[in-house]
Amino acid sequence: MDHLNEATQGKEHSEMSNNVSDPKGPPAKIARLEQNGSPLGRGRLGSTGGKMQGVPLKHSGHLMKTNLRKGTMLPVFCVVEHYENAIEYDCKEEHAEFVLVRKDMLFNQLIEMALLSLGYSHSSAAQAKGLIQVGKWNPVPLSYVTDAPDATVADMLQDVYHVVTLKIQLHSCPKLEDLPPEQWSHTTVRNALKDLLKDMNQSSLAKECPLSQSMISSIVNSTYYANVSAAKCQEFGRWYKHFKKTKDMMVEMDSLSELSQQGANHVNFGQQPVPGNTAEQPPSPAQLSHGSQPSVRTPLPNLHPGLVSTPISPQLVNQQLVMAQLLNQQYAVNRLLAQQSLNQQYLNHPPPVSRSMNKPLEQQVSTNTEVSSEIYQWVRDELKRAGISQAVFARVAFNRTQGLLSEILRKEEDPKTASQSLLVNLRAMQNFLQLPEAERDRIYQDERERSLNAASAMGPAPLLSTPPSRPPQVKTATLATERNGKPENNTMNINASIYDEIQQEMKRAKVSQALFAKVAATKSQGWLCELLRWKEDPSPENRTLWENLSMIRRFLSLPQPERDAIYEQESNAVHHHGDRPPHIIHVPAEQIQQQQQQQQQQQQQQQPPPPPPQPQPQPQAGPRLPPRQPTVASSAESDEENRQKTRPRTKISVEALGILQSFIQDVGLYPDEEAIQTLSAQLDLPKYTIIKFFQNQRYYLKHHGKLKDNSGLEVDVAEYKDEELLKDLEESVQDKNANTLFSVKLEEELSVEGSTDVNADLKD
């Protein structure tokens, strides 16, 4: 009876192999179910065919087909073919199975997710190649079906899933570093990055690998997953192979050094002087051999199991000792260099991990692996205690920007389910917060001084004092009202409609996002952009969001003439600071302060009498301006804002050009709306400036065969001519996001706003 069952299974296996290898292609999925009585390969996978007996397959298939349009999953028939290597295509084993995949999953991730669902590892899934076969057609690679990076499984297989076979070719390659660089793809790069990010953060990885930090984040988060060039994948594959080989070599050197130290101890034990020898007289080679032979041959209680039990010549022993010392020296130098590169992550401050050296090993392991769910509250408490800005804390704690820290605090994801990149950042913040309070304060002070020195050395010297119309009394008064303003917040009408009011106010007053964000909430344009993008429901439990919206509500509650006067005042201050002559950049700080005092006195003397609606003295003008942080807390942000004031909205700085060129190198010249949104918030530039830059680069590539060389100088997109702009991407981006405020559909309004800003700059 068992023999008959085996014969039946062998017959089914041969029929399945014939169907799979038939060039005409397999029949429809429903017909295949009716012929075999069970999904192909079920018997070989341990599933019995008896479970399907008595079930009308036509009826179940019909129900499955009718219910799939309402569900979120699609069945895909997969045939996995194992090969010994990529050159010899001798099929080793076949594995056929149905896999349920999500409809909203990206189509270019179908192979990887199918293999993961079948129980294969990430490394195996990364090395696989897939072909898709529809009906009796010839199988083709998935990349031939569509090149749209955002195409989903439902878009491609919704109507043909019952006649589709996904053929996956899996090559036997034990490790990613053994994979040839020519076979590296987007999937292998992403899995390799995920593996590397378990031991280091993105910034330290970007310093070593050929990918930039923004590109690493995009690949890991699948943002630009399909836009990585094949040449970049191969370059990363070559680097990864060299990196893993070097790392394995370091591990071997470490183990060899430990072994050599133990071996040296045992050799010294065997080289005890024989009677007649003195300590001053070194033993002769014959005596060394004579003295060491009995001790090595006789089993020692503490002899290392890896040591050989046969006699070793003195020359070989000396060579091994010299080699072990050399390896130890090289390893010590490498560790020293690695420690120096690690310190660069923390802006030349000692790494936070060093504080746990005196702790037991169990505590070190727990602090390195577990992140408390209270980390977000700890960060907020630290910001309040030290009176520092998010920009300063983000730089010294985990070497990131203020925007990323604000996004992390806004979402508050559970560390247990967080992504690997977020977990690295949370662990870095937690390690930093476990430093002594005095040491943290010293690091904050060093960072403030460093940012001040860098600002005075790099660009136009920022005005450290506030404009004369904003005395310190206004700040203290408004801060007091903010701290004691809980009843005021409760009486305010703060709901989801405040986002529409912000947009209407910017349209009415014709002010930019940067200007409104500064006067209403003392924030940057990127912060306001993210605020209006997500439009979270205001709630007092989300304290940070509630306080920021309360400041905006207080500002919007002011009379319209007062708001317009504040806009005008801030705009004049921006133009006044931006029109300073370039020769003042290298003037000593004492002369700059004297000039500032003279300018303030002149402005106070020449200032006309205030208009009738504002006869009150200046201390009562507190509600007009939003509360600010203390001057010490926001020194780094004020420096950044002052540097941004000096640059018109159409100018791209050298640093921003470097980021844009890195983006072009990694992604290309055709950014989507999300990429434009990200670059605009990251570089604090309007969208029309970003778009015109890419249009000009595409024009030069099309008509001149190469990208425009800016030679390390600032770029002003207002100087571009209309014929130098290739506008083949704007319409598609506008149609895709026609209903959002921050879509490229507003490019015309932004360009008009940008031209008015430029004209105002020229007039001033």
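Glycine too: its Cβ is placed from the backbone N, Cα and C atoms.
Here Swiss-Prot flags 1-56 (among others) as region 'Disordered'.
Sequence annotations record features per position, and here Swiss-Prot assigns compositional bias 'Basic and acidic residues' to 1-15.
Annotated compositional bias 'Gly residues' per Swiss-Prot: 43-52, in sequence order.
Taken from Swiss-Prot, the feature domain 'CMP' covers 71-172, and the record attributes it to sequence analysis. Summarising model confidence by region, the domain 'CMP' (71-172) averages a pLDDT of 79.
As annotated by Swiss-Prot, region 'Disordered' applies to 266-307 (among others).
As a summary of secondary structure, the DNA-binding region (361-448) carries 66 helix, 0 strand, 22 coil according to DSSP. Residues or ranges marked as DNA-binding region in Swiss-Prot (evidence: sequence analysis): 361-448 (among others).
Other Cβ atoms within 10 Å of the Cβ of Asn425 (DNA binding site), summed over all protein chains shown, number 24. Swiss-Prot lists Gln390, Arg400, Thr401, Gln402, Gly403, Leu404, Leu405, Ser406, Glu407, Ile408, Leu409, Arg410, Asn425 with the feature DNA binding site, giving similarity to another entry as the kind of evidence.
Among the features that Swiss-Prot reports, region 'Disordered' is placed at 450-474 (among others).
According to Swiss-Prot, the DNA-binding region annotation covers 484-571 (among others), on the basis of sequence analysis.
Per Swiss-Prot, region 'Disordered' is recorded for 591-650 (among others).
The DNA-binding region annotation in Swiss-Prot covers 646-705 (among others).
Under 8 Å, Cβ to Cβ, and six or more positions away along its own chain, Gly403 (DNA binding site) finds Gly526, Trp527, Glu530, Ala681, Gln682. Taking the centre of the Cβ atoms of Gln390, Arg400, Thr401, Gln402, Gly403, Leu404, Leu405, Ser406, Glu407, Ile408, Leu409, Arg410, Asn425 as the DNA site, the nearby residues of that chain (Cβ within 8 Å, site residues left out) are Ala394. Least crowded of the binding-site residues (Gln390, Thr401), judged by neighbouring Cβ atoms within 10 Å of its own Cβ: Thr401. When Cβ neighbours within 10 Å are tallied across all protein chains shown, the highest count among the binding-site residues Leu405, Leu409 belongs to Leu405.
Applying DSSP to the DNA-binding region (484-571) sorts its residues as follows: 63 helix, 0 strand, 25 coil.
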